[in-house]
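Here the structure is laid out as structure tokens; the discussion comes afterwards.
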């Protein structure tokens, strides 16, 4: 009887498992051999890093895959990846071939420029498919001892440097497009006063303002409060050309004025948009020349399109102002407030405090211009009007609290009209009125709104003002000017 075959003790089932596995050839074993990959140290110790070899020309040392030791980066066309994870030089990618080679069980690739990228123009006049391609060309140029090219602009060399229309800079720089369209029609106003002395007379600059062109033959809209009687008005265009201007129409209730210059050629004009279509939250741009700095631009959003005059304390006013947080400074008055289409939707008028500014809606400007043209057609002369020379606000509770916060010595009053600004060279300045005064009464009658002041000016040739200034109580006499 044949004895059963005995398997050696200790082999257990491993022999059977080995017998079930196919026997690989020697070549296959070598190709599938797993090379050990060094582990990254728990803590980086640069003192234990191997010496850095001399890197090839055009490449710089980079950190290894562990982020600890410096190694030579692979240049374009050199191998990358592998068991040690050799990195490519900055700007290059490790591109794996369709049939990747394996080293130590890890794929090997070749460093190269990424396929996608914006074209750039080099100083050598050549267009490169990407900034990476230009740098790669520079590395090759250094090896040849040639002069490397410098990137001079984005886009092709034939482009004027604006770049691709899809770039974020062009896509979202909508305000720059508005300014480019509007700025040529915004003008700077310089107002002069004639000072007479025994030695002669001279024109002294007293204030500056802004305006915008509404007709090709030189009609310009600005604020009424920036104009004073017997002043010379000089208008400077964006090109730097200067003209003398004459006043054509003034409406102090609307705070609008129309002046005229005689240009040598047609001027660029701004179109009036419909302020009634404006929505709260829209972007707006304010242009002007505050502090005589031409082409000053601020941007903001519309807080409300109908800040009623009655809400501001103007009980007899039917004006609805545009409130915005676009900055309006001294000298910015009279400049346009435009929407993103470049249409005028208001005229910059007043800044109450930081982040709160007001503009007269363009629908009122359109009405003002229509009435002027109607008078021109009928041949009516411009009537004479009285002018005090103030920018004022009703002293509401909110304004009183804000002024108390800014100036602890602000007068302790319950009502009145706040003098925001005294225009230089006017009757108001001659009377002794100053900025931040509070007019309490005129000719013995209390005033609480700007309309009260306007009606008093119309009805009287001489005004006796009861004024509070800090802790002082003053009585000032003023005679309004007569202007055309």
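Keep in mind that glycine also has a Cβ here, set from the backbone N, Cα and C atoms.
Among the features that Swiss-Prot reports, signal peptide is placed at 1-28, with the record citing sequence analysis. Among the features that Swiss-Prot reports, domain 'IGFBP N-terminal' is placed at 36-114. Under the heading domain 'Kazal-like', Swiss-Prot lists 105-159. Annotated region 'Serine protease' per Swiss-Prot: 209-369, in sequence order. Here Swiss-Prot flags 225, 255, 333 as active site, charge relay system, drawing on sequence analysis. What Swiss-Prot lists as domain 'PDZ' is 390-472.
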Margin query: If you average per-residue pLDDT over the domain 'IGFBP N-terminal' (36-114), what number do you get?
Written below: 76
Item checked: The one of 255, 333 whose CB sees the fewest other CB atoms within 10 Å, among these active-site residues -> 255
Next item on the list: In three-state terms from DSSP, label residue 333 (active site, charge relay system) for me.
Entry: coil
